[in-house]
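Notes follow the structure.
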Amino acid sequence: MPYELISDYEPMGDQPQAIESLVNGLNKGYRFQTLLGVTGSGKTFTMANVIKEVNRPVLIISPNKTLAAQLYSEFKAFFPNNKVEFFISYYDYYQPEAYVPTKDLYIEKSADINDVIARMRMSAIKSIMTRRDVIVVASVSAIYACGDPRDFDTLNIKLEVGQRINLSEFVKKLVKIGYERKEDIGLTGSFRLRGDTLEIFPSYQDEGIRIELFGDEIDRMYTFDRMNRDVIERLDRLTIYPTKEYVTTEEKIERAVKSIRAELDEQVKKLRSEGKELEAQRLWQRTMNDIELLSTLGYCTGIENYSRHFDGRQPGEPPYSLLDYYDEDFIVFIDESHITIPQLRAMYHGEMSRKKSLVEYGFRLPCAYDNRPLKFDEFMQKVNQVIFVSATPGPYELEVSEQVVEQIIRPTGLIDPQVEVRPTRYQVDDLVNEIVQVKKRGEKALVTVLTKKTAEMLAEYLVEFNIRALYLHSELDAIKRVEVLKKLRAGEIDVVVGVNLLREGLDLPEVSLVAILDADTEGFLRSETTLIQIIGRTARNENGKVIMYADRITPAMQRAIDETNRRRKIQMEYNEKHGIKPKTIIKPLMEDIFAPFRDKEEEMYKVYEDSILQMKESLSLEEYAALLEEEMYKAASELRYEDAARLRDELFKIKEELNRN
C-alpha cells in the first residue's frame with residue numbers, strides 16, 4: 001500500500017522547495033543529496049513528505065540509540081497505517097570475546113540479549129521482506145553482520161485453510177526455523193500443542209497464531225492476543241517466518257562443517273610451522289569441540305564466527321547485513337550525517353584490532369575476521385540512493401552530493417538565537433542568575449561543559465540554589481539518557497548539564513537558554529560544527545538565547561557566530577516580508593519506547609557486576625582493586641547506590657589483603 005502521511009500541518013517555510021528539490025533529485029537518479037536544514041526547520045517532516053512522494057522502502061540510519069528512538073516515535077506518528085520499524089543492537093550488556101597477550105588473559109564473550117529489541121529487529125526484517133511501505137529506523141547496527149536473507153526467504157512455512165498437513169512433520173519444520181516447544185503461554189519463539197490446536201508465538205509480531213485442525217486438515221486460523229487470548233483476526237492463509245536472525249538448513253551445516261575442518265587443518269599447520277605448538281593445540285581443541293556441537297545440535301557458542309562457511313563466502317567478502325534484505329530501489333537517509341559518516345567509517349577497524357589477537361594466539365580461526373561490520377566502501381556499494389541530513393554536513397557529504405538543499409526558514413517563523421560572549425570570570429554566578437530568570441518564565445536551560453566531572457559537580461552546585469538539575473554524559477546508558485531528557489521536557493527538572501551529548505538532534509522546544517562554558521577552549525568539543533549544533537538547541541523557542549563564556553573569540557567561535565548571524569538575517573527578512581511572528585514549537589512528549597526494557601535493568605547490572613567480581617582470578621590484586629574502584633564510582637554516578645556499596649565492600653576486602661601482604 002502507499003504511504004499515508006498523517007499530520008495536522010502542511011509544509012511551510014523552506015520545506016516545500018526542499019521536498020520538491022529532493023524528490024526531483026531522486027527521480028532524476030541522483031545518488032547522493034544533502035538536506036542542510038537548520039535546527040528546528042522540520043527536517044524530519046521534510047523527510048516524511050519525501051518518503052510519501054516517492055513511495056519506496058526506506059532505511060534511516062541514526063548515530064545513536066537515543067536519536068533513533070526519537071526518530072522512530074516521530075515516524076510512527078506520521079505513518080500510523082504503514083510499517084515503521086526499529087533496528088538497534090539487542091544487547092543490554094555485551095562483553096566481546098578478547099585476548100590480552102601482555103597478561104595472558106582470555107575474556108570470554110558475555111552478553112545479555114534484550115528480548116523486546118530482538119523482537120523489534122525480527123519484525124523489521126519480516127516487514128522489509130514482505131512489504132514496500134516500510135520505514136526502518138536504525139543505528140549503525142544496520143552495517144553489522146546479519147543472517148542470510150535467502151534463508152529467511154526460503155525457510156518459511158506457508159499455510160492456508162483446507163490444506164492437509166502431517167502434524168509431526170510440521171512440528172519438525174517449526175523446530176528447524178528456530179521455534180521451541182514450550183508449555184508457557186505466550187513465550188516468544190515458542191509453540192505449544194493442545195489436542196487439535198496448535199499455538200505459535202513468533203518473534204516478529206506481538207500477536208500469537210492459533211491453528212485449529214480437523215484430522216489432518218487445517219480447519220481455522222486466527223491471530224490472537226497473547227495476554228487475554230481474544231481472537232484478533234481470522235486468516236485464510238499465512239506465512240510463518242523464522243524466529244531468529246540466524247537460521248540455516250541441514251545441508252548448509254554439513255557443508256560448513258567440512259569447510260571449517262579444512263580451514264582448521266590449514267591453520268594448525270601454519271601455526272606449527274611458526275613454532276606455535278601451544279596455539280595450534282588450543283585452536284584444534286576449541287574448534288573440534290565447536291564442530292562436534294554443530295554436527296549434533298546445529299549450534300555452538302560463537303557460531304557467528306563461522307558465518308562465512310555457512311554463507312559460502314570467500315575470505316574477505318562482505319557479510320550479509322540488514323541492507324541485503326531490501327529491494328534495490330530502497331532509499332537511505334543518514335541522519336546527523338556529520339557524525340554518522342565517521343562512525344560508519346570507524347566500525348570495521350575497531351572490530352579487526354580485537355580479533356587479531358584471537359586469531360594469532362589460537363582462540364579463533366581466521367574466518368572470524370569475516371564476521372564483522374561492513375567497510376565504508378562496502379556500505380556505499382550496497383546503497384542505491386542516499387540523502388544526508390544535517391545542520392552541519394561534513395566535507396564528505398558536500399563533496400559527493402549532486403545537490404545540497406538548504407532549509408533555513410522555519411515553519412514557525414523562529415529565528416536563530418542571539419549569541420552573547422561573556423567573560424569566564426564569575427561565569428557560574430552569572431549562569432545561576434540567568435537560569436533563575438529562565439525558571440521564572442517556566443522555560444528550561446541546557447549547559448554544556450568540557451568534562452564529565454564538571455557536569456556532575458555543576459549539576460550538584462545548581463541544586464543548592466533550588467534549581468532542579470541533572471547531568472547527561474556518555475556513561476549514562478541509552479535508557480537513562482532518554483529518561484533525563486524526558487524529565488526536562490515534562491517539567492520535572494529545570495536544567496540539564498552535559499558534555500558533547502547536548503549537540504546532536506535533541507528536540508527540546510522548552511529550552512530557551514544554552515550556556516557554553518569555556519567556549520574558547522580549542523578542541524573538537526568547541527569546533528565550529530559543534531558550536532553551531534549547540535547553538536541550535538535553543539532555536540525551537542521564541543526566547544532563545546545563547547551565552548558563550550570566553551575570554552577571547554577563537555576562529556571556530558567567530559565562524560559559528562557569523563554563520564548564525566547569516567541565518568538570522570535570512571530568517572528575519574523572510575518574516576518581515578511575510579508578516580510572520582515567531583512562536584515557540586508546541587510538541588507532545590515522545591513515546592517512551594524503552595519502557596518495556598526497564599524490568600531487565602536490575603538483572604543486567606547484577607550479571608555485569610558478577611562478571612567483574614569473577615575477574616579476581618585473572619588479575620593481580622592491584623589491578624583488581626583499581627577495576628573495583630572505577631566500577632564503584634561509575635555505579636554511584638548512575639545512582640545505583642546498592643551496587644556501588646557491593647563493589648565498595650569487595651574493594652575493602654582486597655585492600656585489607658594488600659595491606660597484609
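Note that Cβ sites are derived from N, Cα and C of the backbone, with glycine treated the same way.
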Select from 66-89, 90-113, 330-353, 618-641 the stretch of residues annotated by Swiss-Prot as motif 'Beta-hairpin'. 90-113
Per residue, counting other C-beta atoms within 10 angstroms of the C-beta, which of the binding-site residues THR39, SER41, THR44 reaches the highest number? SER41
Given the ATP site GLY37, VAL38, THR39, GLY40, SER41, GLY42, LYS43, THR44, its other Cβ neighbours within 8 Å of the Cβ centroid, in chain order, are THR46, ALA391, GLN407, ARG410
Give, as a single whole number between 0 and 100, the mean pLDDT over the domain 'UVR' (622-657). 69
Protein Cβ atoms within 10 Å of GLY40 (ATP binding site), excluding its own: 24
